[in-house]
Every structure is written in structure tokens, then in C-alpha cells.
Amino acid sequence: MSIPFTCNTCKLEFEGGELQRAHMHTEYHGYNLKRKIASLAPIPAEVFDRGVSKSREVAVANGGISKPEEAMEKVSLDTQPHKVLIEMDYTSLQCLFCNIDSPTTDDNVEHMLKVHGMFIPDNEDLEDAEGLLTYLFNIIAEFRECLYCGKTKETVGGIQSHMIDKGHCKIAFDEELDQFYDFEGGSEDGAEEEMIGEDEEHVEADKTPSTSEHDFHPDSDHELRLPSGRVLGHRSLSRYYRQNLHSYPTPAERAERRAITAAEAANGERPIPHHPGRQLATSTRDEMGMIGVSEFEKQTLKATEKKALKEETRARNEHEWRVNKESNHQKHYRPADPGRSNG
């Protein structure tokens, strides 16, 4: 069963994404969004409709209120201890920090990124950019609160200057922002696109490819093995997959090395160690003097030489330590009273 489209602010569910996006632009959603910022519970749609109709009657009688949201705030929020201020006019074309207008919403987001360094997290899953910017503007304009550290100021200009001066032009992501994203919108067909597998650096060849054409093996929570033998890594580990290891052999080179090693083992030859400096090898003269000696005796001789070398190194270190200790404990004399030294 697919996950329904929901609005966490209004506590509603929708059958499709179009209905959800249309709801995000309604006055009812905007009113509940302001209540959520004020730590108030959302009101049902019926209560909002009754308040709107009542506000229109008041507007016709007095001519003082034109917006339903303003009337609802005046009717239902005046008695609350934490009163919400009237929402200022805002469009998604206005910068949150310097109030400069851009031609489009995307241009505004790009302006805030380049000029102020504000990065919107998970931008590829963002479904309602206008709603997100409006939500952030309400925090700045109504509560004079910093988006990052939560510090408050007396004026909107003061909190904007604080964010610019302190480098706090960034979003402290929390669960309240989930309503503007669609993390479950991707289909199963696009699941492979979410996995890291586009570059050859992210793909490794498997020694034993699967025999079934439709057999997928999840090796772990972050890997998926395809029928071809390739392994797809999760995008959360992309920073590690993108590391450029110059000395790391390619899959073709690794396969060639394995083939050479297998051929040498089949012919009875000893493979050359990858790190010859870490192993003790006999000299050419010793090799010539051990013609006819069995392989086991050669290994025993190497082990004996290695043990003797270790004991020699230990004895040398102990001697150096003893000499250094004696040098540091030599007797020295100080004059009884401060002054000019004798001699």
C-alpha cells in the first residue's frame, strides 16, 4: 500500500500529489501554518470556513477587514497568550535576508545561495519551494527569530543583520520542514537512480556473478548486488566512493592479477609477494647454496634468521637505552651559594 500524501500542519491526507500541492497554497493551510509557528494546534476546516464566513459578514458591515486570515487571527487568536502578528505581504521572489526581488523563485534561491550562502537541503526532493520560503519568512518577520540559532531581535532588520553578520543564513532542518518535501515520491523504477552506480569508481566487479537474471542480493543496508555482478552503493556514502585512489587497480587490472596468480599456482610456482619489503627473503648466494633443500627446510631457515634478527635488534635497543640512562644520571655539582663559579 502506497504512503498517502499528507499535510502535517493541517493533519490531512490526500489521494495524490496534485491535491496536496493545491492545498499548500490555500488560505486554510497558511492560517494553520501560522498557528503551528505559534505552537498552537491546527483547527478543522469547518471551523475555518465558519470563521471566514463570519469575517466576511463583519467586513461587509464595517469594511475594516478584507483578508479571511486576518479576520480569523482577530477572532480566534486575540484570546491566546501567545498572539501571532499579522502576516506581512511576502512572495517567493523576495530574498529573506536583503529583501531584493528576483524574476523567479529559482533565481531567488540561487541569489540567496551565492550571495548569502543559504543552502536548501535535499533540494531534489523539495516539492513546495514557495511554501518553504513563506514558512521561513514567517519565522523572520513575525517572530524576529534567527533561522539557525533561534536568537531573537526587536526588529526584522535586526535579525536579518544578525544572520548576515554571524553567517547564520542557513536552515536548521527539523521535522516541521518535512511537509514541503516528498521523500517517498520516487517509484520503484527509479530506485536504482538513487543508488550510486553512475561512475565506474562506484562499481566493483564481483568474483561470483549471480546466475539468475532477476536475482538481487542486498549485501547490506547500503549495497545492492546486481545480476551482472556489479555492486551499487547508497548515495549517503557517495563521498567515500568519489575518492580518487590513483594507485588502486581497476577491475580489469585486478582480474588480470587474479588470473596470473591462479596460473602460477596451477604450475606449482610461488607467487611473488605484493610487499616484498615486509617479508624476509634469502640472498642470491644463499639460494644457490640451498639447491636440493626442501621447501619446508627453506621456510624453517627463514624463520630462524628472522628470529635471530629480532633478538639482535632487541639487544641493540637495550644497549642504547642503558647508555642513555647512564648519561642522564651522571653526577653534577652546584655551588653552595649563588654567585660566581669557581675556576
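From the backbone N, Cα and C atoms, a Cβ is placed for every residue, glycine too.
Across the domain 'C2H2-type' (5-29), DSSP assigns 11 helix, 6 strand, 8 coil. Annotated domain 'C2H2-type' per TrEMBL: 5-29 (among others), in sequence order.
Mean predicted confidence for the domain 'C2H2-type' (93-116): the pLDDT average there is 90. The domain 'C2H2-type' annotation in TrEMBL covers 93-116 (among others).
For the domain 'C2H2-type' (144-168), the list of distant contacts is 96-99, 116-117, 136: same-chain residues at least six beyond its ends, Cβ to Cβ under 8 Å. Among the features that TrEMBL reports, domain 'C2H2-type' is placed at 144-168 (among others).
According to TrEMBL, the feature compositional bias 'Acidic residues' maps to 183-203.
Summarising the annotation, TrEMBL assigns region 'Disordered' to 183-229 (among others).
Summarising the annotation, TrEMBL assigns compositional bias 'Basic and acidic residues' to 204-225 (among others).
Sequence annotations record features per position, and here TrEMBL assigns compositional bias 'Basic and acidic residues' to 296-337 (among others).
The region 'Disordered' annotation in TrEMBL covers 296-343 (among others).
Helix, strand and coil counts from DSSP across the domain 'C2H2-type' (144-168) read 11 helix, 2 strand, 12 coil.
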